[in-house]
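What TrEMBL says about this one:
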type	residues	note
COMPBIAS	328-340	compositional bias 'Polar residues'
COMPBIAS	346-367	compositional bias 'Basic and acidic residues'
DOMAIN	110-234	domain 'Palmitoyltransferase DHHC'
REGION	273-300	region 'Disordered'
REGION	321-367	region 'Disordered'
TRANSMEM	32-55	transmembrane segment
TRANSMEM	154-177	transmembrane segment
TRANSMEM	197-224	transmembrane segment
Amino acid sequence: MAANRVYEAWKGSNKFLFGGRLIFGPDAKSLLIRYAILVVAVLFNIYVLILLFFTSARDPGIIPRNLHPPEEEFRYDSSVSIDIGGRQTPSLQFPRTKEVMVNGLPVRVKYCDTCMLYRPPRCSHCSICNNCVQRFDHHCPWVGQCIGLRNYRYFFMFVSSATLLCIYVFSISAFYIKVLMDHNHGTVWKAMKESPASVILMAYCFVALWFVGGLTGFHLYLIGTNQTTYENFRYRADSRVNVYNRGCINNFLEVFCTKVQPSKNNFRAFVQEEVQRPPPQVVTQEPESDTGGDHRSKVEDDLDIGEDLLKISQRRNIEGFDEEIRSRGSNGPYHNTSEGDSVLGSDRRAPTVRSDERHSSRRRSESWEIAPDVLANSNVTETRSYVSSRH
């Protein structure tokens, strides 16, 4: 007959586990309850932190930006022109809004100048993240991320779970205070002095519950009516019909039971160099086209105008020279004729023209003057007065 072990013949009220390796008192059940409460609280905290991570680290539904504006929406507004190199060209315009059909009703979508695209319905541009986000709800500074189509489910689960955690910790702390009161037959103040940690947890959870609990109730209302925070605050005063509302049950199923759409971005892909493409054809509104194809600057155009005026004035003076030569006969001074021929020569460049440096780019033509050395060489006294009279 095998001998009994000591823990088996123990006369006391202790409880033994694992073959006498662990010994507890007769009221060890309370310890197990405390450990169970602690384990549940720890697991609940880990669950809330995981939801917070999924909310914050997940793509909320960012729409990739376009490298170029949508060419199919190009239109040229001839009433609005821009000045390019001294030439007026029609301004490239985009329709600021478009209408799309959602559930059989028209919905107006806007063009985003930053992302160069027309935002899909319920999409908005976040000024903090600087991205267009699908089904944009709001930007939450507490999680450090936009709340949109792809992380709204996790955001609501995080907020609601944090609310339940606050209720759980507050309830357990209050229950422990009640146990101390019954055990010591004292007042609530004595119990609170005996367990100050329970009092601190109750106060913290009570304050946090106002925030996360109120947020949970508000988002329950938004889900039931199929609204976003952005839509609720912006269109609250408008009496517009909510085209997205499919009924309370279907709205909840849409949020919690539909498959999360894959991200439109591959953030780990290699950046590809942008292929430069020619700009769209822009028809200028000039009466005459530049046959040379060389878009001269404003200064060169003004110099050409001055040279043309000088040639015209000299041509008139040369005609006067010819009449004077015919009147004088063959004994006329030789140097005047040679000077006239030098002016009429096709291989020579027109004399230098000077313009005042204060000519602005908006004034196409001003008072042009011929240099004094030109006047001295040509012995012409009528040129300055002629040019002045032309202006």
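One-based numbering along the chain as shown.
Every residue, even glycine, has its Cβ placed from backbone N, Cα and C.
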Response to the item:
Same-chain residues at least 6 beyond the ends of the transmembrane segment (154-177) with a Cβ under 8 Å from one of its Cβ atoms are 37, 40-41, 44-45, 47-48, 51-52, 54-55, 58, 137, 140, 143, 147, 188, 191-192, 195, 198-199, 201-202, 205-206, 208-209, 212-213, 215-216, 219, 223, 255
Response to the item:
For the domain 'Palmitoyltransferase DHHC' (110-234), the DSSP residue counts stand at 76 helix, 17 strand, 32 coil
